Amino acid sequence: MSFDPQKFVDEISPQLKEIVDGRAIAAVSGGVDSTTAAVLSYKILGDKVIPVMIDTGFLRENEAENVKNMLKDLMPLQVIDEREKFISSLEGMSDAEEKRKKFRQLFYDTLSRIVKEFNAKYLIQGTIAADWVETQGGIKTQHNVLVQLGIDTEKEWGFKVVEPLADLYKDEVRALAKYLGLPRDIYNRQPFPGPGLLVRVVGKLTREKLEILRKVTTTVEKNLSELNLSQYFAVIFDSAAEYNKELSNEVGCDVKVYKTLATGVKGDVRAYGNIAGIECRKDYESLREIMEKLTSYNITHVVVKIKDKNPEGIYTIGIRAVNTQDFMTADFAKINWNILEKIANEINDKKIKEVVYDITTKPPATIEYE
């Protein structure tokens, strides 16, 4: 049965009115899920809802101001600057899961303070079905999944969590966003993880990697925005890698294995494995066969070289673009090489050694690297 946004709003309105009997903070990340949850709640509950966006330092360029301006006709969004607190607390951390957990702790500690400042009792957030399915399956910690994990938010942070979209999938959230009058730039927006660029600085977090990635993200999004892809973004990781003779012989082209690890999914559980880089450019179906062979080892992401940059560089930029119906499974996008080369040519930071393209499906990779 197809999703009916009007029916959903009619059903959720009395539930929200009954549950939320005091002031509520609506946490907005700028992604479609949290923004839709906030606008929906604000429409139903009015001034009881205070929409806030925490600038964690892991947002894209000018993101907080852009989102605030886009939403000004729908709700008043307050931006709270916590950049230094978040970056200094996470700097130097390498493990993907530890980074996500630390981010979650910081995020909810900050929200707890905001809830108290506004004398609120509730936190409205944009958890959707895919989030809690993944987290309960142990694939990765989605920072906004608390109730499903059995975390007592009232005891831990002093607020009750309200999740009006928890039974919806991404395509249904987009339909609801459109129905609620959100700008096209929001409902067609790229999914953006709660921890933002933190989980796209793969491996050790440094300020240098973060700032390079922020600039590169603008370049990648600008060039891929018209291709009708489900999700597309850039990652940065250390270029240190070793040539692997055994794997190279098996797939018939040069393979190197990076020292940086990335998250994947084997069966229904999280796997932490290597990133493999291949040097041969073939048609996408041949590349798919290579990817399938390589991921039968402890490899969770396979990337193919687009262009060498500065030989003295120490970072690799990975471009990831996928198509998917439900974000539970995904296929890599078959982007024209000329477009990928154009992007690589526009990426000019001297610390960048190479630009690569990710050719891994989900599974065995997760869409994000961490």
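Note that Cβ sites are derived from N, Cα and C of the backbone, with glycine treated the same way.
For the domain 'GMPS ATP-PPase' (3-189), the model's pLDDT averages out at 89. What Swiss-Prot records for 3-189 is domain 'GMPS ATP-PPase'.
In three-state terms derived from DSSP, THR35 (ATP binding site) belongs to a helical segment. A simple way to gauge crowding: the CB of THR35 (ATP binding site) has 30 other CB atoms within 10 angstroms, across all the protein chains here. Marked as ATP binding site by Swiss-Prot: SER29, GLY30, GLY31, VAL32, ASP33, SER34, THR35.
Those same-chain residues not listed among SER29, GLY30, GLY31, VAL32, ASP33, SER34, THR35 yet with C-beta within 8 angstroms of the centroid of the ATP site C-beta atoms are VAL28, THR36, ALA37, GLY126, ILE186, ARG189, PHE192.
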